[in-house]
Amino acid sequence: MLITKIYKTDEITEAADELKKGELIAFPTETVYGLGADATNEQAVKRVYMAKGRPSDNPLIVTVASFEMMEKYVDNISQNAQKLIEHFWPGSLTLIFKIKPGSLSRAVTGGLETAAFRMPDNAVTRKLINLAGVPIVGPSANSSGKPSPTTAQHVFHDLEGRIAGIVDDGATTVGVESTILDMSSEVPTILRPGAVLGEEIEQLLGEKIIFDRHKVGEKETPKAPGMKYKHYAPDAQVLIVKQKEWNVAYDWAKKSNKKIGIMALNTDLEKNLPDNCIPYDLGSDIHTASQRLFAGLRYFDNEQPVKWILAAGFAEKGLGAAYMNRLRKSAGDRFFEK
Ligand code: TXA
Ligand code: MG
C-alpha cells in the first residue's frame, strides 16, 4: 500500500516530481478530478487502469497545458479545430483527433487511431503539467463505475493507498465531465454532452454538428468506448423525479418504511419533506445541481445509506442535457412514476 499524500496547491513541484518518476497523481480541473500519469510512460499509464479498476479497452484523455504540447501527436489541425481551441481552451471541451501513428502508446489510445485531448481550466493543474514537462492522462479519478470525484476527499475515498498523491484545489466548479467532440469524423460529433454546449459549437463554426445521443442499454456500440460501461452507480436505487411531480413523490415516500434520500432544488426541499426522508440540497438551478450531483450520490453511499434516492430531473437542454446524461446512467434510466 502506498501512502497517498494530499498536496496543497503550492506544493505541486513535489507532485510533478512524482509524475516524472511514473507515479500517479490526482489533479483538480473545473469539471471533475482527474487521475494523472505521464502519458509518455506506458508503465505508468497501465497503472492508471489498475488503480481505477478500469477496463483496458477504454481509452484515456490526454491532458495538456498548451496547444503546442498537442502538436507533437496530431498532424493537420483543421481551421475549425483551431477556432474551437482558441475559443474554448482552457475549458470543458475535449477534442478527438487522428494521431500520428505510434505517437502515443496503446495503453493511452486503447488501440484506436485517434486520441482525446483536453486543456483544463485550472491554472494549478496546467502548472503541474508544465513542471512535469509531459502531457498527463486524465480519466476521472474515481473507482470505475462510481460517480466522478468533485473533491480531493472523494478521490481519497476511492483511491487511497493506490496512488502517490492528490493535489487539493477544493470542490470543482462545473461538476460534470467535459463535452467530448469527435473532430476525426467527417462531421464533428458530440460523444458526451458537457458544459460546452453543442449549440455554442455550431454557432462558432457556423455549421451543423451531430449530437450522438446514445442511451444506456442501446445495442449499438457507442463511439466513446467508456459510455458502454455501468456508470455513476450508487448503492441505492435512484429514481428521477420530474419537476412537477415532487408532491406525488413525497406522498409515495411518506408511505415507505425505509429511509429515502431526496436530491432536490432548495425550493422543493422546503415543501413538507416527510420524516423518513434525508435531504440533499442541489441549490437553486441547473448550475448548482450539476456542481453537486456526484457529491450527492456519494453522500448517500458513504454517509447516509438509503434504499432509494429520489433525484431532481431537468429539461434536457443546455447544461440540463449533460446533467441528465449522468443522472439517467446513475438511475439506470428509471423515472419515478405515480
Ligand atoms: O472532464 C473530463 O473530461 C474529465 C477530467 C478529469 O478531465 N475526464 C474524464 O475522463 O471524464 P474519462 O476517462 O472518465 O472519460 C473520457 C471518455 C471515456 O468515455 C472514453 O471512452 C472517451 O472519453 N475517449 C477517450 N479517448 C477516446 C477516443 N480516442 N475516441 C472516443 N472516445 C474516447
Ligand atoms: Mg470517468
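Here the Cβ of each residue, glycine as well, is placed from N, Cα and C on the backbone.
If you check TrEMBL, you get these features:
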BINDING   THR31, SER178  L-threonine binding site
BINDING   ARG54, ASN58, THR114, ARG118, SER140, SER148, ARG192, TYR232  ATP binding site
DOMAIN    9-196  domain 'YrdC-like'
In whole Å, how far is ASN58 (ATP binding site) from SER178 (L-threonine binding site) when you measure between their Cα atoms?
16
Tell me, roughly as an integer, the mean pLDDT over the domain 'YrdC-like' (9-196).
97
Using Cα positions only, nearest of the binding-site residues to THR31 (L-threonine binding site) (ARG54, ASN58, ARG192):
ARG192
Cβ under 6 Å from an atom of ligand 2: which of these binding-site residues qualify? The list is THR31, ARG54, THR114, ARG118, ARG192, TYR232.
none
Taking every protein chain in this structure into account, which of the binding-site residues ARG54, ARG118, ARG192 has the most other Cβ atoms within 10 Å of its Cβ?
ARG118
Which residues in the same chain, at least 6 apart in sequence, have a Cβ under 8 Å from the Cβ of SER140 (ATP binding site)?
VAL32, TYR33, GLY34, LEU35, SER148, PRO149, GLU177
Here are some binding-site residues: THR31, ASN58, SER148. Which one has the most Cβ atoms within 10 Å of its Cβ?
THR31
